[in-house]
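Asks: Have a look at this one.
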Amino acid sequence: MQMEYKVTVATGTSEYSGTNNYVYVTLVGERGESEKTVLDNPGLDLCRGAVDDYTVRSPVDLGPLILVRLEKKKYWVEDNWFCRYVKVSVPGERLSYTFPCYRWLVGDGVLVELREGAAKKLSDDTLPVELSHRKAELQERQKIYRWLAWAPGIPKCIDSKTEADLPQDVRFDNEKRSDFVGSLHYALLELSLKKLAIKFGKSWNDLDDFKRIFWKLRSPIAEYTMEHWKEDWFFGFQFLNGSNPRMIKRIDMLPPNFPVCGDMVQPSLMPTTNLKMEFKKGNIFLVDYALMDGIPANVISDQQQHIAAPLCLLYEHPDKGLIPIAIQLEQKPDKDTPIFLPNDPPLAWLLAKMWVRHAEFQVFQLLSHLLRTHLVVEVFCVATMRQLPAVHPVYKLLTPHLRYTLEINCRGRTQLISPDGIFKKVVSTGGDGVLLLAQREYKVLTYRSLQPKFDFLDRGVTKLRDYFYRAHSMMLWGVIQNFVSGIVSLYYKSDSEVEQDTELQGWINNVVMEGFVEVPDFGLASELKRKEELITLISVVIFTSTAQHAATNNGQFDWCAWVPNTPCTMRQPPPTDKDAVTMGLIMDSLPDISQSCLQMAITWHLGRVQPDAVPIGQYVEQYFTEPAALKVIDKFRKELKDVEEQIKAQNEGLDLQYLYLCPSNIENSITI
């Protein structure tokens, strides 16, 4: 008896998703295959955004469906096609199957086989066609997604010289690509129209001159920064809630290379206390940029730039909040390395703080942002594509959080930190310093430090007041961990199921023994023995690609647009004589007019809200199809909404709001 199946095919919604090529479909079930059927209705088929219905015939009842086979053949000219999903309704029954795709069919004669949407571990598959499909899919992916040792002491990355060499499935959509290129051009155009960006080597006349680049590129926090950047409380606030909120540590004694004595800082403390007492109370904190010590400074337009490796001592004042009380600009104290204090000549204290903020720019852009989010997550991107088939529950759970990351990282390597990239043109650590700084960071990076609870605990900052980044991070970590636990528990009932999943073990082994092989002290085991370990690891990946990235990326224009607050480079060496600091020295030290324009343009370009942003928890591509999994996702969204409401309530009425970790402001993956 001939069977007629209703087949619904959804084409992508982005530009150029549709095709005029021939597309054929074949249904594969436990009892056989359908006829190979061309998708051809009267009128236009498979247009952008279309959801088309077709009839596919089979001489026999196919039984439970296993696969949908799609094949594209050229018609006149080659025309790629993006398929979102295929749905199949069984005749005479209320049963339907969904086959997630979310892939490009590129080339003449290309063939793609899609598994039915229910997530399955290897042990859940028993039929030869299921097992052979898993194996063939991974074999094909491992040819396409290859590891590359980018540099010694650095995690491996995707083997792709430029973004153009990446597989189409992980490339930006056309709209995203056009916006990415166009937005930087727009920012530079805005500044060049003021005839500023072309003034290489020319210093600003005074600090107020920086206002000339505050034109259309502005934000409320950037303007607040312009008004308050000289104030000590604002300087301290940025260590808690700026673009690099992970450096500050509580200390109970001074490091030997920072010879601050109690009398030096007593004027900054309350009259009823002293430095020794405040150490005991846990109110003294340190930010140490030792990683910067000895890094070779860039040469820009034949002019030597300069780098310092400051130590900054801070005090949690009961009335003023976190304030700086001593700054040393080099790691080795000597007669030419004075300790700067708040009661020093005002310009000397201001320049010392600028040098600390200059170090902040280097660390947050290269280490906190690029290395600790982008490049860490890339390891999981490559391992996931190489080791987990699309039907695997962990693939389905992770892949929405890996969207666009490979392309933006390729662009970062070729356009940002390359020998002729933006860092080389405008940043003091550009050139040889980039790699050396990265290698130093990865020597101290640990898996433990990527887990918020341990990060705050190990830094001794669990009780710091007004640490909004910490409070919001912990809320989001709890929600993400609950979500991951809910999904993982649907597919892994025990520790033994985790341990016996050979695909999962291949994945973690690939992460550690390939991706992080150059980071031997990372501290992540190469096998997963317990379900809780799996939940924590996936939570780390999702947290890093969403909340942590948002915390370091989204505010960079706010904190860097007013260039004196966070200068990208310094053109004079650190001061050695407090009394010799003049406004002329400050202006000659700060970025020149051209460098300032580039700093403003690039931080606006990278920190702005992306027009195609997908907020955390909003899964526009539905990889899970089972009701139980969809219920967990729905609960995740509700909990994120609760977090959003709590954060907005906390910020109500504040002049300086911290909204970077509102879920509506967090992208679901690293896309910029």
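Yeah, the Cβs are placed from backbone N, Cα and C, and that goes for glycine too.
TrEMBL lists these features:
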DOMAIN    3-119  domain 'PLAT'
BINDING   Gly18, Asn41, Asp79  Ca(2+) 1 binding site
BINDING   Asp40  Ca(2+) 2 binding site
SITE      Trp104  site 'Essential for stabilizing binding to COTL1'
DOMAIN    120-672  domain 'Lipoxygenase'
BINDING   His369, His374, His549, Ile672  Fe cation binding site
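Can you tell me where each of these features sits in the structure?
Replies: For Asn41 (Ca(2+) 1 binding site), other Cβ atoms within 10 Å of its Cβ number 11.
Residues within less than 8 Å, Cβ to Cβ, of Asp40 (Ca(2+) 2 binding site) and separated from it by at least 6 positions along the same chain comprise Tyr22.
For Trp104 (site 'Essential for stabilizing binding to COTL1'), other Cβ atoms within 10 Å of its Cβ number 22.
All chains included, 22 other C-beta atoms sit within 10 angstroms of the C-beta of Ile672 (Fe cation binding site).
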Asks: Treating G and I as helix alongside H, and B as strand alongside E, what does DSSP give for the domain 'PLAT' (3-119) in helix, strand and coil?
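Replies: Going through the domain 'PLAT' (3-119) residue by residue, I get 0 helix, 65 strand, 52 coil.
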Asks: Within a 10 Å radius of its Cβ, which of these binding-site residues (Gly18, Asp79, His369, His549) has the fewest neighbouring Cβ atoms?
Replies: Asp79
Asks: Around His374 (Fe cation binding site), how many other C-beta atoms are within 10 angstroms of its C-beta?
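Replies: Within a 10 Å radius of the Cβ of His374 (Fe cation binding site) lie 23 other Cβ atoms.
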Asks: List the other residues in this chain whose Cβ sits within 8 Å of the Cβ centroid of the Fe cation site residues His369, His374, His549, Ile672, in sequence order.
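Replies: Going along the sequence, the neighbours come out as Leu370, Thr373, Ile408, Thr552, Asn553, Leu606, Ile670.
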